[in-house]
Amino acid sequence: MRAIISLLLISTMVFGVIEAVSLEEGLKIFEGERGDCVGESQQCADWSGPYCCKGYYCTCRYFPKCICVNDNGK
């Protein structure tokens, strides 16, 4: 009985690690697909690109002209 429980626990842990690794790889692939980014005051579109570079976020105060704005370290 202990052997069965141990085997189930080990299987669960192995599955959890495999799932975490595949999620991380998927996120890396998604980030790679985003392509080049645009800087401050450049036109952007979070849903389809172009995307803002790291340190900026896309704001749509005057839709459809969305621009990248500095996130000020948020």
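Any Cβ shown, glycine's included, is placed from N, Cα and C.
Checking the candidates C53, C58 against Swiss-Prot, the cysteine paired with C37 through a disulfide bond is C53. Swiss-Prot records a disulfide bond between C60 and C66, which is the match among C58, C66. C58 (disulfide bond) is 5 Å away from C68 (disulfide bond) when you measure Cα to Cα.
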